[in-house]
């Protein structure tokens, strides 16, 4: 996220770079670590209250470039999704042979296939590991309870859970802090154009896989769905770049992916594959990427994401066939299919509209309440995590101990239920062994513990149990209320600790519980199966919290495998989203704001129509511009004095007349200096001269290094010249200074821009061809209100 300036008269020399940047922006590579006692939470002042912002915001138009990524407060940058149409790119595009074009097309489809294949394999391995670890843990614990050794059972249960949590937390805290949490907010930000550092590397992938197995197997109230989305994105990034660091492959074909644009498309495929692997919902995965995470979309990307998710489904189906009948230990169809009611006939009546509407309204209200409370919990956790690694580990282990105590002790608080009340034909009651709806736990033969059937199972088995049809009398009302209460509390305190965690499964379990509660309370008015009410409750709460509709509807349709549920599911989702929107934003938007990630929303504020982009430019420092042929010392001075990543390039075809030639990127200027491509005299070079040293793929490569390299230049080199025209994007997006900010925001987001040039409405002699330059930070609502306080009153009116 770069600061840019706004205005510089055409007659001023380019050697004058304008005002110095703010102190925190002088070193873009600097990263503040909250674990360091000398470091602070943003701008030098520690946070002492939950009412204070986690990141201090500037009161000027150009705000700080800081965001919380993982466990650190880091400087972040925007991504270059725009095609840089300079002379080198145009030549490379024209000179590509048909074979090279076919290579590029084949490689994109091959990468999409590999992303789907590897995501499916990893998801199956994670499911297999979780099912076996959790199954063995539960069997030994139940055997101790059945033998009357209650304290031994608790100590064993809590001890195993603590060990699993400790392994997951240590990996996150020590090796990859950014692997904690679901990773979906950071993926949303990345696909929106924000480069979130250290999010998609090999350490994050490995820690996410192992950490997910440990965290979910420990019985904590979290799911593997969010981490699977992050795993898919990590795979996509590593495949497109051939790895990372010194282990990176330098395969010639991979040069096609040395740009942010193609990498973004492949990460979109990875996110879709992760959702598909979590729910076995290929169409739902594509729509999730379209509705929830992706900002940029086109038809070709739609086909490739669908190809990736189709590959995932084939892999998952293969694992189901291989592991059928218990050939993979505890793993069978568990962990993949949540709820299949293809054989259930669903009929609606007019009287069903009232309880179904109530389910939707409650979903919206409870989802908004969940978002609000979770927001406060995450703010508190930020204060705890800022105290260092030991505090993070202690918090994770404390939550694990609380979870173990709740899951183990609460089933003793409910009475045993006779199997005759279950009303489920064809299923053994009580269940003895690996899985089933009717857990015996501490009950005698012929009785089962309905609360233990939900708490002493994997999240997937618990979901299947509470979703089961034909079991209206299986769960007691008090057991469901206890289940809803404990999972609500655990869901709030678990999300945010230093382990990989997802929100999907906890919200599904909470929603299904209150859906069955509504069905039981209104049993005289309810004609739809109680298990289907659990499905509707889960969908409503997810919509009320995450504010998804279309993708969520298709995911539940693919989970249930019953088209008859489609109309009533759509009805509930729309009600829940409408009610939730009346209270607060979605949970992912709240997390994005909490982390300080500059996410551009699709809809601009209404008051932005009353402000012109020229007024924004006037509220900023002057724009730093360069000439087409510029002295090396001038370029070095500009790079040293400013952290900006784009510079307008002006041409002077005749005295007194300036024209906008285009925009040159900082990384291209650094590439020229790094290769010492200097001219002894001031002249325009021929086309072939630049092509001898550079190619468009070379310039797309992001190489580390900064202003330190500039000090290595000699005095003779500093007195030489650089011809910028081969590297200048001659077709940047420009807007006239009278355009409204609302229209500029839509254009900026739709075209996935990093820089937007503002040109004057009137052209003429002695009039600068560039009014200013806008970036992502300049178009964010809170930044604009900081520079134009009078607009805050209009915001309240609207």
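Using N, Cα and C of the backbone, Cβ positions are placed for all residues, glycine too.
Annotated compositional bias 'Basic and acidic residues' per TrEMBL: 1-10, in sequence order.
TrEMBL lists 40-49 with the feature compositional bias 'Polar residues'.
Sequence annotations record features per position, and here TrEMBL assigns domain 'CBS' to 619-681.
What TrEMBL records for 1-49 is region 'Disordered'.
Positions annotated as transmembrane segment by TrEMBL: 104-130 (among others).
Residues or ranges marked as transmembrane segment by TrEMBL: 150-176 (among others).
Annotation comment: TrEMBL describes 266-289 (among others) as transmembrane segment. Long-range neighbours of the transmembrane segment (266-289) within the same chain, counting only residues 6 or more positions beyond its ends whose Cβ lies under 8 Å from a Cβ of the stretch, are 108, 111-112, 115-116, 119-120, 122-123, 184, 187, 190-191, 200, 223-225, 228-237, 239-240, 257, 301-302, 304-306, 308-313, 316, 336-338, 502, 504, 548, 550-552, 554-555, 557-559.
Under the heading transmembrane segment, TrEMBL lists 301-320 (among others).
The transmembrane segment feature in TrEMBL is assigned to 353-370 (among others).
Look at TrEMBL and you will find 390-410 (among others) tagged as transmembrane segment.
For 480-498 (among others), the entry in TrEMBL reads transmembrane segment.
Among the features that TrEMBL reports, transmembrane segment is placed at 563-580 (among others).
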Among 150-176, 390-410, 563-580, the stretch with the most Cβ pairs under 8 Å to the transmembrane segment (480-498) is 390-410
Per the Cβ filter (under 8 Å) with a sequence gap of at least 6 from its ends, the transmembrane segment (150-176) is approached by 70-71, 133, 137, 140-142, 144, 198, 201, 203-204, 206-208, 210-215, 217-220, 389, 392-393, 396-397, 399-401, 403-405, 407-409, 497-500
Going by DSSP assignments with H, G and I as helix and E and B as strand, what are the residue counts for the domain 'CBS' (619-681)?
19 helix, 24 strand, 20 coil
Outside the transmembrane segment (301-320), at least 6 residues beyond either end, the same-chain residues with a Cβ under 8 Å of its Cβ set are 108-109, 112-113, 115-117, 119-121, 123-124, 127-128, 265, 268-270, 272-273, 275-277, 280, 282-283, 285-286, 289-290, 294, 332-333, 336
Report, as numbers and ranges, every residue of the chain located at least six residues beyond the transmembrane segment (353-370) whose Cβ falls under 8 Å of a Cβ in that stretch; write 'none' if there are none.
488, 491-492, 507, 510-511, 514-515, 518-519, 522, 525-526, 528, 533, 536-537, 539-546, 568, 571-580, 582-584, 587
